[in-house]
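Scroll down for the structure; my scribbles are underneath it.
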Protein chains: 2
Amino acid sequence: MKNKEFILKEQWQITKHLVRWLLLVLPVAVITGLLVALFLWTLDLATEIRWQFSWIIFLLPLAGVFITVLYKYFGKGTELGNNLIIDQIHLNDNNGVPLRMTPLIIFTTVVTHLFGGSAGREGTAVQVGGSISAFFSKVFNLNQEDNTFILMTGIAAGFGAVFGTPVSGAIFALEVLAIGRMKYNALLPCLMASIIADVTCSLCGIEHTKYHIDSVTTITTILPNIDIDVKLMFTVASAGVLFGLISILFVQLSDFIKKTATLYLKNKLIIALTGGILVISISYLLGTLDYLGIGVKSINTDGISIVSAFKQGGVNYFSWFWKLLLTVITLSMGYKGGEVTPLFFIGAAFGNTFASICGGPIDLFAGLGFIAVFAAATNTPIASFIMGIELFGSEYMPYYAIACFVAYYFSGHKGIYHSQKIAVSKANILK
Amino acid sequence: MKNKEFILKEQWQITKHLVRWLLLVLPVAVITGLLVALFLWTLDLATEIRWQFSWIIFLLPLAGVFITVLYKYFGKGTELGNNLIIDQIHLNDNNGVPLRMTPLIIFTTVVTHLFGGSAGREGTAVQVGGSISAFFSKVFNLNQEDNTFILMTGIAAGFGAVFGTPVSGAIFALEVLAIGRMKYNALLPCLMASIIADVTCSLCGIEHTKYHIDSVTTITTILPNIDIDVKLMFTVASAGVLFGLISILFVQLSDFIKKTATLYLKNKLIIALTGGILVISISYLLGTLDYLGIGVKSINTDGISIVSAFKQGGVNYFSWFWKLLLTVITLSMGYKGGEVTPLFFIGAAFGNTFASICGGPIDLFAGLGFIAVFAAATNTPIASFIMGIELFGSEYMPYYAIACFVAYYFSGHKGIYHSQKIAVSKANILK
């Protein structure tokens, strides 16, 4: 029975592999979880302070200058952010991600939020996970292949902890590397990392915002005996197309502003200063500060936020566009933070507006926009679909799949992460 | 703005691609859905008849001879079943899957079930979807690449319709082709196919068995403020290892029986005859007919079935093994049907036993075994995880992920589909 022996040998190797990775992942995930908790706690504090002292936003241009100077002196080699980590994974390199990325990105993200920049948090968390894992890669003296693995677990840990969604955190780390293909090489190490980081973060007392979709239960399907409402399915697919196009607008506008600013303003300090002034001016023209900061909640009970987007009349028809514009200016002109939470805001607000105009349950379409614009902009349709289930429950999961997959197709081959490889063309366009 | 023009061109190409595929998929999915409905209806009838006239199982050996003769005269080139379809996708071929596969596999599967063979139904549904799609590939005169796509949509349609799980049906079709890698080339065409087929099948009045996991809500977590119970997580991971090993036992025992039978019995008719006699004899030694047929429900109120496995005391300690043995004999010795429903039975029964011995919520572990043994044997961890959510809801989804992913790792590099390529080694074992 040679065959049997070989099998047992294989299981033994798998066991060793997994135990080894549990030990390697443990410090990365625990420390990432702790730092993400610290980050989220500080972020909440910064938001509270800005709500209390709203004049603070007039200091945003100066904050931008400060961040730019900080990065000029200490940020060398970290400016690429998430793209740097994706690059290093593709290069099998373990020297490119410095540990100082962690304090730098946490500090500058909090500064951005404190003074009213419109930004997110996943980028920060992923960079923390990435730089902590790169640090341990050096400590453990890992070889190239293992280094790739540990960087992926860092992404999973950061993403899983910051949103409280461990399964989509793990899938995101596998899926984000290349468009159109998922390799399972670090499937379990990534799941371990995101669960451990999420548990650590939760143990620190971090609570994640809960969203609810429940109006759809009152829908009557036109066909008997089936759970899927065919008309709603087509409405969701149409919304998916628009979610994909919004993601293109986000990516293209970011590139356009970056290029234009570099072309005409040249100096990075002046770019940051101008960006800050633009953000303040636009906010005052709009007459609301609700599009600043993280945007999960608003200080006003009738304010505009991700949470309000799940309610009838919770946003204006162009809320999605103003959040998009302010975020793109903030992140393209020298301020720091993630893109994903603003993408949630943009998607949820647009979903709300779409449902108001085209008819459909507001909360369902807000939830669909939340995950589908993210799916489109990051090219991670399966992680986004799973995130929908983790955040909103499974009742409407076929609609999540339709919205995320359609948006993914329509966002083309460019996303917010320029370092993503194109592995498989969408719709056989690129040969 | 050349750039903008190019983008709009890309969206236009994507739109054409998707509309074209919706039209191509429509006849494949509708006809597959109808045929799967017919198949499931006939299967139910066959089960009812066997329950009414239990003496019918004595004809099983003759039924085996009949099936073998049928395949000898009409089955040329279809014997490989699901593997044939996977092969054709890898070969980019559109001539290898004959249309007569559909009537042959439906008829012989129903015969197998009528006379008491222990078998499933997903293999049949996938073969129906595969041969219907191959037929339309010829009708539409598709090129090699499109042929690959349409065969994948056939798998998705069959799988989605037969279990009423459209999202996991689509993911299964992408994931089953190669171990360790998922390519998104036919993501939306597969989703369209599985949803359309599922809706068609449901419109024909087919209802799928509902399973419930709810006892876990009473569990108190040992750590405050987190949803995940750490101790339960480790118990689930341990169970995952065993689920993976059971899948190996299934695959190895199938190979062993096939080889031994061919070596000693030589003639296919004698093999089928012997297989039938073995199945009847073992059932009589066990004193129950509950391990015969599809096994979703039992005729006796206190009988053993997939449904009973979700209840305390619903199975015996070795129920999983007897179902495994009878299924392996049935399917390796000339009878027809799928492997997946028996794998659900084996997994759910073992999960029940595991929870009784090691402590844990019975229904949760039955559900975990249901999806994880399937994940391990087919090397489709993500489709299985999603199927868990589609069948049991999302409340315990981190546990589904742990069980499916761990079982996937521990099942090694061989599964029930020999035509699967190995794209990425599990745990870096195969270089």
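Positions of Cβ are set from backbone N, Cα and C atoms, glycine also.
Caution: TrEMBL annotation is automatic and unverified by curators.
Listed ranges A:95-115, A:410-430; the one TrEMBL annotates as transmembrane segment is A:95-115. Proximity of the transmembrane segment (A:342-362) to the transmembrane segment (A:368-389) is established through 3 or more Cβ-Cβ distances under 8 Å for residue pairs spaced 6 or more apart.
If you look at the transmembrane segment (A:269-287), the same-chain residues 6 or more away from its ends with a CB under 8 A from one of its CBs are 57-58, 60-65, 67-69, 115-118, 261-262, 322, 325-326, 329-330, 332-335. A contact between the transmembrane segment (A:21-41) and the transmembrane segment (A:186-206) is present, since 3 or more of their C-beta pairs, 6 or more residues apart, lie under 8 Å.
Here the transmembrane segment (A:368-389) has long-range neighbours at 163, 165, 167-169, 171-172, 175-176, 179-180, 182, 211, 236, 239-240, 243-244, 246-248, 250-251, 306, 309, 320, 339-340, 343-344, 346-352, 354, 397, 399-401, 403-408, 410-411, 415-417, 420, meaning same-chain residues at least 6 beyond its ends whose C-beta is under 8 angstroms from one of its own.
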